[in-house]
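Pulled from TrEMBL:
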- H188: active site, proton donor (ACT_SITE)
- H192, H228, D229, D338: Zn(2+) 1 binding site (BINDING)
- D229: Zn(2+) 2 binding site (BINDING)
- 426-455: compositional bias 'Basic and acidic residues' (COMPBIAS)
- 112-434: domain 'PDEase' (DOMAIN)
- 423-465: region 'Disordered' (REGION)
- 1-23: signal peptide (SIGNAL)
Amino acid sequence: MGIVLIWSLVMILTRWISHKRRGAISYDSENQTALYIRMLDVRVRSQVGFEPEPRGSHPYLCVDFRTLHSRPQSAGPVSARNVRRLLSFQRYLHSSRFIRGIPASNPLGYILDDDYTGQAKLMLEKVGNWNFDMFFFDRLTNGNSLVNLTFHLFNSYGLIELFQLDMVKLRRFLVMIQEDYRSLNPYHNAVHAADVTQAMYCYLQEPKLAETMTSCDLLLGLLAAATHDLDHPGVNQPFLIKTNHYLAALYKNSSVLENHHWKSAVGLLRESALLSHLPTEDRLNMEERLGSLILATDISRQNNYLSEFRTHLDKRDLCLTNGRHRHFILQIALKCADICNPCRPWKLSKLWSEKVTEEFFHQGDIERKHHLEVTPLCDRQSNSVANIQIGFMTYVVEPLFVEWSRFSDTRLSQTMMGHLSLNKQGWKEGRDKQEANTSRASEEQRTSDAKDSNSKELPQGSKRS
């Protein structure tokens, strides 16, 4: 009887959550402007015959491609995603009764499950190590790497106490962030977000930043890293534009995904009421600065930021006591964190490379299936992981990290540049070896075909018995 009663309460609460969060919308009137994108998500779907659906219900694309996809099934009154979120939140509430009595130095034990607390905590003690294996940490935390890592960093910096953050609201906010990443994306998922957040922490620990960044800078830097790819659909901006996706129309084909990530993050901030105790002006200012950081990750604007960064370094006029200069360096740090995979040790770098290429090729497969122009980078028939990575390292990663090393000439920068050089060489050697094997196999095939052809042309009487 007790179990039935508990389950009934869970179902009632879940339906209430689903009703209040259609498409992750908060209906508070003051949120309407910042959450316009969320409301539009529901509006457009209903107008073109699509039902609201739970995030993650499709392998890569939870977006309406109009004529490209058939109508999905209705999500129904109860979302499995909300059930998972509710149960996770309920588990935290059970332990939160003891929060006031636990030491501020070790609240993590009440966040992590007992079965992996020990190993996960040991890893977090070395969270500033550039060799940090986020894939392993994600397994240890049962797929909750982003929640646990971000909470730990907030606590280690003293941000919870400094900003008087409610720990229950913080937990709920982090769970919502993690759930809004599409777990079936090979690359743009919560593990990538956690990896970028860990890299951002490493950069924030660098002397120039550690000595000058304010507590607000640290808070926004970590928040931006954790949310920078929120609700990524697993396809790029050109794909959204050429399929006439409503997000492309909304943001006028400019930084489409980054604007969506930002607005999604603001929506969750307001829904969780994490910063509701702050003055309205301060809260709005933080949301704008958060957007400025996330928008900086738009790869199409890479050259603009790189040129400005190089100019500052040439003139030696960066002054980190200046708020605008600090914010610019936070933007550059986030950009570095977002594309730092080629600067990781080979084992980790190779795995990330394979995952991002898998996502690229999946987009190309969709484009080919629906007779769209296949994006060159996404064409598995004319591209390879090695070629994509060599080009990415040469034209995108290396120029940015060369300038970062000029700005912060530390052991970490030397380590990253060393890994980048070795990884680039590794991909070149692998490509050359594969090409040599392919050439050898082709030559052997031609030789074999030639022998077969000569054998058939010999007169029957000339063959030796």
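From the backbone N, Cα and C atoms, a Cβ is placed for every residue, glycine too.
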Inset, instruction - Could you tell me which of these recorded positions, H188, H192, H228, has the greatest number of Cβ atoms within 10 Å of its own Cβ? - result: H228
Inset, instruction - Sort out the sequence-distant neighbours of D229 (Zn(2+) 1 binding site) for me: same chain, 6+ apart, CB within less than 8 Å of its CB, listed by position. - result: Y181, H188, H192, A193, V196, L257, H261, T297
Legend entry - Local confidence of the prediction over the domain 'PDEase' (112-434), expressed as mean pLDDT: 96
Legend entry - Listed in sequence order, residues with CB under 8 A of D338 (Zn(2+) 1 binding site) and six or more positions away: V196, H228, T297
